[in-house]
Amino acid sequence: MSRPIKATVNTAALRHNLYTVKQLAPSANVWSVVKANAYGHGLARCFSALSSTDGFALLNYEEAIFLREAGITQPILLLEGFFKPYDLSLIEAYQLTVAVHSYWQVEALANFAAKKPISVYLKINNGMNRLGFSPDDVATVWQQLSALPSVGKVTLMSHFASADEGEMQMREPLRRLDLATSMLNAPRCYANSAATLWHPGTHHQWIRPGIILYGASPSGRSEDIAGFGLRPVMTLSSEIIAIQEVAPGEGIGYGHRYSTTTTQRIGVIACGYADGYPRHAPSGTPVIVAGKHCHTVGTISMDMMMVDLTHCPEATIGTPVELWGAQLPVDTVGAVAGTLGYELLTAVTQRVPFSVTANEN
Ligand SMILES: *Cc1c(COP(=O)(O)O)cnc(C)c1O
């Protein structure tokens, strides 16, 4: 007995996507990025389907500790580094690998007496201008880190701002990386999902795919990943809970942002923005009702949304609705609502119950 909305996580799809990624980058090791509670899918639900990964990457300590306490023995990488010098004791205790992006962190490592050296990822700013050392400073920082007794293996790390936009946008970041690292004999880890798919020259020793493991597109356009055989992992579904026959010229929902043009059959779906559905999705956003493409009408409410069922006479109360997932790419909904699959997947709220399936579909 519950409200009919639910999110279903397909662990077979997750396993398949990791396998697909490994085929795409056969000589690289894979950090499976599971930050943000595995992109909203639930870390506890997902990590065993990713057990063949070479490591897990995330950014908060709670998730890292959870994985260690669940018996994960692979390396765990903290993508955002550590936040305070005293965090290093925890990093040592849980044997975490940590990004180093700022001088204060080099100093903290220098002042830390580690019993077992800590593996670090030296973050290079290639022009994204978010985290990392400038290319001019990298060789010096690399030498400083390599000389510290508290530091173990040093890997070069960088992140691309526009790896989903073609070769041209990669030229300058790659030039800067080359400038920073050509003299350094160290493993490299540069590729996110977009670079994993579209720039194989960036794979090197380690890749860091996130969104493609969950079957969504790094560009936010589902057609861009259509050829790779990735499968959507999360399906958000609900049901029709009421139906109205509405006369022509009537307004639908808050603000009457949609008006009927003929007599229309309007269904009410138990899903709204308090479930994580984007409130900005306009009239015309696709939803699947009884396996058929239908369109929303009117403003998304907190708990409900309306759908035009005029051309779906088979729909009745209790008919299943897919908001996104196996039949409707999350990126298609994201594109219409002015956002990305990344945001929708991570925005599903606490009140939505999750279940797990391992359907091979
Ligand atoms: C989130 C993140 C990734 C994964 O990005 P995707 O686009 O989801 O593949 C890789 N590296 C860093 C540093 C990240 O923060």
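Placed from the backbone N, Cα and C atoms, the Cβ positions cover glycine too.
Here is what TrEMBL says about this protein:
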ACT_SITE  Lys35  active site, proton acceptor
ACT_SITE  Tyr254  active site, proton acceptor
BINDING   Arg130, Met302  substrate binding site
DOMAIN    233-357  domain 'Alanine racemase C-terminal'
MOD_RES   Lys35  N6-(pyridoxal phosphate)lysine
Neighbourhood of Arg130 (substrate binding site) by C-beta distance under 8 A, where only residues 6 or more apart in the same chain count: His159
Cα-Cα distance linking Lys35 (active site, proton acceptor) and Tyr254 (active site, proton acceptor), given in Å to the nearest integer: 36
Rounded to the nearest Å - Cα separation of Lys35 (active site, proton acceptor) and Met302 (substrate binding site): 27
The domain 'Alanine racemase C-terminal' (233-357): DSSP-derived helix, strand, coil residue counts: 19 helix, 46 strand, 60 coil
Conformational class of Lys35 (active site, proton acceptor) under the three-state DSSP mapping: helix
Intrachain C-beta neighbours of Met302 (substrate binding site), sequence separation six or more, cut-off 8 angstroms: Gly272, Tyr273, Ala274
Most Cβ neighbours inside 10 Å, all chains, among the active-site residues Lys35, Tyr254: Lys35
